[in-house]
């Protein structure tokens, strides 16, 4: 029946007569892109809460090493936190699962999955995704992979603990670390399913953007959100399969005795049979996804921020075409820089030179984007809605975090800061916090579109400012302990008196993290209570130009009750001097003799 | 426990704030129009000022951080190439700080200056090829300089000349311990493979290799000042990373292959300890340790030892549960001291012989009457197997 509903999707009148959605088809196995977007968002938020909570636990261990906390015992149990002292293997497990959840489940699926699904059909003027059924399967595979990932927390020897990068041999040998037993198997199975989900989603996005744009919606009239979702999906399709192959080969090595990544290993008193494989090969395969993944995470955030900034500045985004070109340039470069994670992996140093060159090139399109955002603010009429605050915050953290990339991307400088807390500070700012800000901005901005109600703005302001101060409070001091040479993934630094003077900084970082983490509750409250009790939204609360705001507040299958609107202009006609109002929606025809004022 | 209290206080604070906004919302009942959750002119004004305040916060926090934590960063490099690395680092830092101050300044200043209100209309300014060109070309030029400098340095550091006079040392990594093997007088390391690990030959050195006869295995690394040390790294189980922060040196240790890194130490341990910044750092650390000791003693524990500086080799690639405690002391000696230290060490071949000799009498008393023929046969078989395995392994 649901497939049928989709077939008739274009014939809206027909549809309304025929179909009454049951609870199951409407809320669970829905093929409506708007519902699927909400499913992605809520799942992403739940995973986010778990991921962030884990980080708070290990931050407490780092600030007050081997001290006893009742909460550790309650949450981690007697095995991993006897007497409330966190054990060293569960510390590594927490670090690993935190990374996995945040990168894949929150910032990939939660961010891309939510907004690509919500906005692609609405902003290009389509009734739904190209394949609603595949879209539904994509979400449920994601859900399944999330369940499997979480279930790995409860296996006897603990979840995967080889770091989110799961480098073999550590991830391949249960003798090397207990988490590499069943926990690792579940991790790999979960990721394989996740990749399948991601590929289905991406293919759908690409096909929808190419084929289902409404009349007049040429590629150069697409909002930047759609451009970034489109390019992100392409990167995903190119790089995720490589991770899948790496995961499969690792499964072979673990379970069937092959030697793709293993060679000459003596562990627990015996020589293993593996011969001829190379862990460096795994690193290549992993980072061939792993680095583009960073852009899979940040590009959609960039798109959301561009859109929100233009709307709230009441100005066109500056350099629309330059923004598109820079997204394409970043996407292209992102696939040829993975080796900068491997300068010290033992690969030929000549490769290091090549990857230094390509990596530093990425700074150019990134700089173009940053300056274009700043120029968008210049002489604007800035409306500080919470979404706008998060957008400005995103540009700020993207610059702060991005600049230190010039150090890490330079092989010579990477020698001494590689795998220290400097790296943690860098990537959390540039892709973690930035993408999270982008996601929050998107939620505040499109909440009325998703739920027909408004989020509370004052709670939004509190949420933003406390988060902004805490984000800097956590990650700015972290650069210094990294420059002091403190390696990441250390359970405690107390074995190195050399690092004793870093302890106060660690305490400060943890305090900021705890405050920042606690204030996310403000957001959670705002989000879940506003779904039911928020102020009713008007059709176009932010006075925006894009097509999603021409749909009725009440969701209907097929999006527009009548004909799909035609598009006559680009998406950024804000404060156009030819018009009296300060925004002209894309579906408003050009006036007689109206000139196009942009390139 | 105090920290838990702090968390509770924070949560309560959050609740209080939320309650406050609720009250704030309630006072606006009259104006509960549909756009009550859209920023008003008043909101724009307040948020604009907070934007400005936040800019001040970033600047002040940066300066505070530099003053308060700047000294924590690794100081004077203890290797020859380290000065090259650090000068590139300093140039990069100047660039980063300049760009950071300017861009954050513009971002938040514009946010403050152009805070919106109902009477204003924004400037329609959609694009400018000139501006785009400016901010593509300037970064390109600056990056070209950085890339060239970086590549020059990288090539200098990473490629060891074949004819260069170097000391060859093997660094051997295993969960969770470092071992070093010196090449001995011939300065050539004997072949090795994990399949040859047996008894005290824990590195799997191939004792049939003539080059291995003079190899020396130690658990504390000594290197001479002013001489290039060429490290060859192996791992027997998982990935490790040999990280010498003070020497600006790092390389992963990969099972199944040999990786390398070379550097010239420029300060002996004694000299480095005397550097003013280090004297200050150590006294600072000892102050902190004294405080901590006082707490520990009060709780009935034992006091911490005072700290003296030593170079360290750390593991910097997650390698298992005790990754956080995989370290080795590194001592830089004067060339004369180094020679003396090394000459006092016995070679691995001698160690193995000694161990065998120590074992033999004990064996002898019990199994003395065993037929020596049977023993020899077993030994011959083992040797053949070993040789075959070794051959396969070397392939």
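Here the Cβ of each residue, glycine as well, is placed from N, Cα and C on the backbone.
Features reported for this protein in TrEMBL:
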DOMAIN    A:23-568  domain 'Cytochrome oxidase subunit I profile'
TRANSMEM  A:40-58  transmembrane segment
TRANSMEM  A:90-120  transmembrane segment
TRANSMEM  A:141-167  transmembrane segment
TRANSMEM  A:187-212  transmembrane segment
TRANSMEM  A:224-252  transmembrane segment
TRANSMEM  A:285-306  transmembrane segment
TRANSMEM  A:318-338  transmembrane segment
TRANSMEM  A:350-375  transmembrane segment
TRANSMEM  A:387-409  transmembrane segment
TRANSMEM  A:421-447  transmembrane segment
TRANSMEM  A:459-485  transmembrane segment
TRANSMEM  A:505-528  transmembrane segment
For the transmembrane segment (A:224-252), the candidate among A:90-120, A:187-212, A:285-306, A:387-409, A:421-447 having the most Cβ pairs under 8 Å is A:285-306
Please determine whether the transmembrane segment (A:387-409) and the transmembrane segment (A:285-306) are in contact (criterion: at least three Cβ-Cβ distances under 8 Å, sequence separation 6 or more). yes
Considering only Cβ pairs under 8 Å, which range in A:141-167, A:285-306, A:318-338 makes the most contacts with the transmembrane segment (A:350-375)? A:318-338
Could you tell me what the rest of the chain brings near the transmembrane segment (A:505-528), counting residues at least six beyond its ends with Cβ under 8 Å? 45, 49, 52-53, 55-56, 59-60, 62-64, 440, 443, 447, 455-456, 459-460, 462-463, 466-467, 469-471, 473-474, 477-478, 480-481, 493
Short question: which residues 6 or more past the ends of the transmembrane segment (A:40-58) have a Cβ under 8 Å from it? 71-72, 75-76, 86, 91, 94-95, 97-98, 101-102, 105-106, 109-111, 113-114, 117, 139, 142-143, 146, 150, 439, 443, 450, 513-514, 517, 520, 524, 527
Taking a Cβ cut-off under 8 Å, which residues six or more beyond the ends of the transmembrane segment (A:318-338) line up next to it in the same chain? 220, 224, 227-228, 231-232, 234-235, 238-239, 284, 287-288, 290-292, 294-295, 299, 302-303, 306, 355, 358-359, 361-362, 364-366, 368-369, 372-373, 375-376, 378, 409, 570, 572, 598-599
Excluding the flanking five residues on each side, which residues at least 6 beyond the ends of the transmembrane segment (A:141-167) place their CB within less than 8 Å of a CB in that stretch? 39-40, 43, 47, 50, 80, 89-90, 92-93, 95-101, 103, 105, 109, 113, 174, 177-184, 186-187, 189-191, 193-194, 196-198, 200-201, 250, 279, 282-283, 286, 290, 489
With Cβ-Cβ distances below 8 Å as the criterion, list the same-chain residues six or more beyond the ends of the transmembrane segment (A:285-306) that contact it, or say none. 103, 107-108, 111-112, 115-116, 165-167, 223-229, 231-232, 235-236, 238-240, 242-243, 245-246, 249, 317, 323, 327, 330-331, 334-335, 337-342, 369, 373, 376, 391, 394-395, 398, 427, 430-431, 434-435, 437-439, 441-442, 445
